[in-house]
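Features reported for this protein in TrEMBL:
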{"type": "DOMAIN", "residues": "39-156", "note": "domain 'Acyl-CoA dehydrogenase/oxidase N-terminal'"}
{"type": "DOMAIN", "residues": "162-270", "note": "domain 'Acyl-CoA oxidase/dehydrogenase middle'"}
{"type": "DOMAIN", "residues": "285-451", "note": "domain 'Acyl-CoA dehydrogenase/oxidase C-terminal'"}
{"type": "DOMAIN", "residues": "469-595", "note": "domain 'Acetyl-CoA dehydrogenase-like C-terminal'"}
Amino acid sequence: MTDTLIDRRDLAFQLYEVLDTENLTTRERFSEHNRDTFDAVIETADKMAREKFATHNSAADKDEPKFVNGQVEMLPQVKEAFDAYAQAGFIAGRYDYELGGMQLPESVMAACNGFFTAANPGTAGYPFLTTAAANLIRVFGNEQQKTTFLPNMLSGRFSGTMALTEPHAGSSLADIRTSASPTDQGHYLIKGAKIYISGGEQSITDNIVHMVLAKIKGAPAGVKGISLFIVPKYLVDDEGKPTERNGVNLAGLIHKLGYRGTTSTALSFGDDAPCHGYLVGEPHQGLKYMFQMMNEARVGVGFGAAVIGYRGYMHSLEYAKDRLQGRKASEKNPESPQVPIIDHADVRRMLLAQKAYSEGGLALCLYGARLMDDQHTHPDEQKRQEAGKLLDLLTPVIKAWPSEYGPKANDLAIQVYGGAGYTREYPAEQCWRDNRLNPIHEGTNGIQALDLLGRKIWQDQSHGLQLLMQEMQVDLQAATTDRCQQWALSLSETLQQAVKVTQSLGKSLMEGDPDRTLANASCYLHLFGHIIVAWMWLRQANAAAHALGSANTDDERNFYQGKLQAAQYFFHWELPTVAQDLVLLRNQDDTCLNMKADWF
Ligand SMILES: Cc1cc2nc3c(=O)[nH]c(=O)nc-3n(C[C@H](O)[C@H](O)[C@H](O)COP(=O)(O)OP(=O)(O)OC[C@H]3O[C@@H](n4cnc5c(N)ncnc54)[C@H](O)[C@@H]3O)c2cc1C
């Protein structure tokens, strides 16, 4: 079994040769960093992920957390890993120096977190949720909330959760029923039930800070009536020390296909004892606050899916080099030695597909992380705004494309192993089970498709889309070698057809039947996603073609040739699959819309 989580050469290529991450150090916020500090923190993440996280990935999957006498029992290694991550400063990695942070760019932090997820997505879930919850408090909380909770969360003494989903309200958060009643002491009393809350109970930290969506009594109906509350497991005193137990309780643990190391909980609020909640920001703005953080969370899900896909690829690649089986079709001598399975073109097909999906997904997510950096730190205000618009448009794709193709990569990894892949002795099946969550949570991929076609494309008079086309033009024109120019041409032709179909869908949405137009939103997401990832491959191919001429070792030449061949795979095998989407979308095919429930 390989211990490579993400190929460091590839990561360096993507960060420095494709994205010019080093250039970020010219910005005021990152001026104390340089490539060496970025590389040092990435090295720390890679090493810690291998030594503290990967080592119990399989054990935490087999021996999942248990609910015993009202407590959660879990492997002690999970706490050790969480503490190591916190002590190394990763929870606060992006934050200001004054908050104890390292002021690292999002691009670098995303890369670091990639190692932890690739090593052990279940354990990595706890610190990632803590960062996300702390971020909500940092941006929208009042001063008292910040001083009470942030230092404890950033140091890893308290963890965090995001408590949105209820048994009857998952995709449709407008319908949540958890209620909040004001008291004269300033806090609210929370009553209700949440389900699937990751990390909702555990035995790692002194306290758990739940970020809970609830409706204040008398609030407007729907999403406009949702507020955000801090609900700690233990109430805290003015210095942030845990005191008495709050009325939020574990109703039960949920047992899952994968991600078994992260507890999945059903929580009850205010059932046996009063449950105190502290309003964050203004009343009725809760979903808006959550959604502002959602871009980050969704890029994080996409990233996770890409790197779990990557991890399976690394495992199956190593296996394919070692496993001897059969001979080439042209070899007639039955006594000739068997060849490693990587010598069979069909196995290379499966490996190339994995490479195309996982490195393409990684490129897409790193591009998204870079947009976050540009949105917050670009010296030019207009560029900051443009990055925000591009990120907003691309978020459904960054979430959904890797989470569709990461599990597909893992499925192929299982296939490369043959029978061994189907057994629990080898790691590919766990990668697939873990990754299978990603198309479901943080808004299912079906919901992402509706968001893209129903909203994001048209937002701000499609300014985001125009910016995207401009960005793509730069890379289309930068294609100078014959191979890259061929790929640029096929991308440009597909793009033109996609623009045409988008215009006709826009017209139908305005003037026709939105139910019919949106019925094929998933095809649109596939079309759009494949175009974006083809663009990511063109960017990588341009960089590889440029560097190949001056590469002076075999390893370097092989690396760049591998990039070009994977780009070719994407352009020959994947991009053409959008032809079917274009037909269905042009015709506004109504097969699914007109199927009746009674006909099934
Ligand atoms: C392991 C795990 C961890 C999770 N962690 C958290 C967490 O930490 N915090 C939290 O709050 N939640 C969490 N969730 C919940 C997760 O976000 C929801 O499961 C998800 O949003 C889908 O909601 P649902 O399960 O109710 O499915 P539903 O909303 O019932 O959807 C079922 C199906 O119907 C489709 N569908 C629904 N509405 C529409 C529509 N309008 N148009 C077209 N199709 C539609 C969906 O795409 C899906 O295919 C977690 C879930 C899991 C499984």
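For all residues, glycine too, the Cβ spot is worked out from N, Cα and C.
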In the domain 'Acyl-CoA dehydrogenase/oxidase N-terminal' (39-156), how many residues does DSSP put in helix, strand and coil?
85 helix, 6 strand, 27 coil
Stretch in 162-270, 285-451, 469-595 most in contact with the domain 'Acyl-CoA dehydrogenase/oxidase N-terminal' (39-156), if contact is a CB pair under 8 A:
162-270
Where DSSP helix means H, G or I and strand means E or B, what are the helix, strand and coil counts for the domain 'Acetyl-CoA dehydrogenase-like C-terminal' (469-595)?
109 helix, 0 strand, 18 coil
Return the average pLDDT for the domain 'Acetyl-CoA dehydrogenase-like C-terminal' (469-595) as a whole number.
97
